[in-house]
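Structure, as C-alpha cells:
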Amino acid sequence: MPAIRLFDTAAGHEVLLESGDRPSMYVCGITPYDATHMGHAASYVAFDLLNRAWRDAGKDVDYVQNVTDVDDPLLERATATNVDWRDLAQSQIDLFQTDMEALNVLSPDHYVGAVESISLIVPQVERLVSQGLAYTVPGTNGEPDGDVYYDVEAAGKQSVAPDAWSLGSISGLSESEMLELFAERGGDPGRSGKRQALDPLLWRVARDGEPSWPGASLGDGRPGWHIECTVIAQKYLPAPFTVQGGGSDLIFPHHEMGAGHAYSLAGVPLARHYAHAGMVGLDGEKMSKSKGNLVLVSKLRAAGENPAAIRLAILAHHYRSDWSWTDEGFAAAKADLAAWRRALDHAPQGSAAALVEEMRAALAADLDAPAAVAAVSRWARQANDGGAPASAPDQALVRDAVDALLGVRL
C-alpha cells in the first residue's frame, strides 16, 4: 500500500497520513433510531476503506466508535411509538450491527455507549467548570436551574500555541454560518442566560419524564452530545489520535465543539486530521427521517438484495461527494458484481498483481473507491472477453484483494 493521502477538512487540502505503526481512528456512531439508512451505511463504508488500507499496509489499527444511546431524538421517537427508550435503542443497535456485518464493515475495537460513559463524563465536565471554561445557566419558563454550557470564547483564549483550538478551527465557518447550522443541528442559540449564542450544552440537569444519572456537583442529569464523544475518544485512543471521521453534517457543531472540549481538557488536539463523508439523497432529494424517504439497509436485505451489491453501489461514489441513491445506480452495481464474479472463472494468468497495485494506488489517493472499482471492472471485462479457464493463483488473489481492500465479497 502506498502512503495514504486523505482530505483533511480542517486543513482544507489533502494531507499525508503519518500514522506510524499504529494508526488510530474515531468515527462518530449512530443515534439508535431509524438505523441503518443509506447515509449511515455510506459513512461507515467510507472509513472502513481507510481501516482496510491501513491494515493492508501491515498496520495495527485502533478503531473506536460510539453510540449516542440517550439523546432527544431517541427519547422523542420512543415516546411517539410508546416504546421504552432503552428497548428502542438496543433493538436499533442490534439492527445496525447486523447491517454492518452484512455490509462487511470491519468492527471497531471498542464500541462504546454514551450511557455507559456517564461516570467518565461527569468529572470532565466538573473540570471544565473549575477551569472557568463552563458555567451554569438559570432556568426560565419552568425549566430547572443548572444546565451547564461550554464557554467557547473563554476556551478559544486559553492558549496561543499553534495547535490550540479556537472556534472555527475545524469547520472554517463564519459566525453567521455557524449560527444557522447550530440551530439546525441540535444547538440552542436563543437560550436565555448563555454567554454566547454558540456555547454548547455540556450537562442537562434532570427534567420530569426524562432519564437522568447522578452528576455529583452538577446534579442529576445527562451529558450533552459533544462531550460524550470527546471523553470516549480520550479514554480509548492516544492524544491526539490520527483521524476523526464522520458525515459532513458533523463538521459543525459536533466535531468543532468536540475538538474544543478536548483541547480544554488535555491541552493537545483531539485528532491530527478530520475527514468527512458526503451526504446521500434519494432520487435527487435530500434523504431525511422527517421526509420519510430513508433507504434502509435492512429493508433491502429483507427484500433479498445482496449486501455486496449494496456496498458496491456505495463504492461507486467518492466518499466526499454528495450523491443520490437511485434504482438505476443500484442496478448498475448488481450488474458489476455479477460481471466480477463471472470474471473469476476466467482470470487471466499474471493479471492479478497489476490489478491489486491499481486498487492500492486508488485507495491511497484519498480513498478513491470509484477508481478502484473502475480498475476491477476493466479487469473483469478483459477476463470475460477472453473466456479462457481461470488461472487459479490469479483467481484467488483477485478474490482476496477485492475483499480485503474494497470489502466486496466475491
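Glycine residues also receive a Cβ, built from the backbone N, Cα and C atoms like all the rest.
When Swiss-Prot is compared with the stretches 171-175, 286-290, 326-330, 381-385, the one noted as motif ''KMSKS' region' is 286-290. When the ranges 30-40, 63-73, 107-117 are checked against Swiss-Prot, the one recorded as motif ''HIGH' region' is 30-40. Site annotation for L-cysteinyl-5'-AMP in Swiss-Prot covers Cys28, Gly29, Ile30, Thr31, Asn66, Val67, Thr68, Trp225, Gly247, Ser248, Asp249, Val280, and the matching candidate from Ser43, Ser212 is Ser43. Your range for motif ''ERGGDP' region', going by Swiss-Prot and the list 184-189, 190-195, is 184-189. Each of the binding-site residues Ser43, Ser248 was scored by the number of other CB atoms within 10 A of its CB, and the lowest score belongs to Ser248. Per DSSP, the secondary structure of the motif ''HIGH' region' (30-40) breaks down as 3 helix, 1 strand, 7 coil. Within 10 Å of the C-beta atom of His254 (Zn(2+) binding site) sit 24 other C-beta atoms, taking all shown protein chains into account. Model confidence over the motif ''KMSKS' region' (286-290) is summarised by a mean pLDDT of 73.
Sequence-distant neighbours of Val67 (L-cysteinyl-5'-AMP binding site) (same chain, six or more apart, CB under 8 Å from its CB) are Gly29, Ile30, Thr31, Pro32, Ala89, Ile93, Tyr111, Val112, Gly113, Ala114, listed in sequence order.
Taking only the Cα positions, the spacing between Cys28 (L-cysteinyl-5'-AMP binding site) and Cys229 (Zn(2+) binding site) is 7 angstrom.
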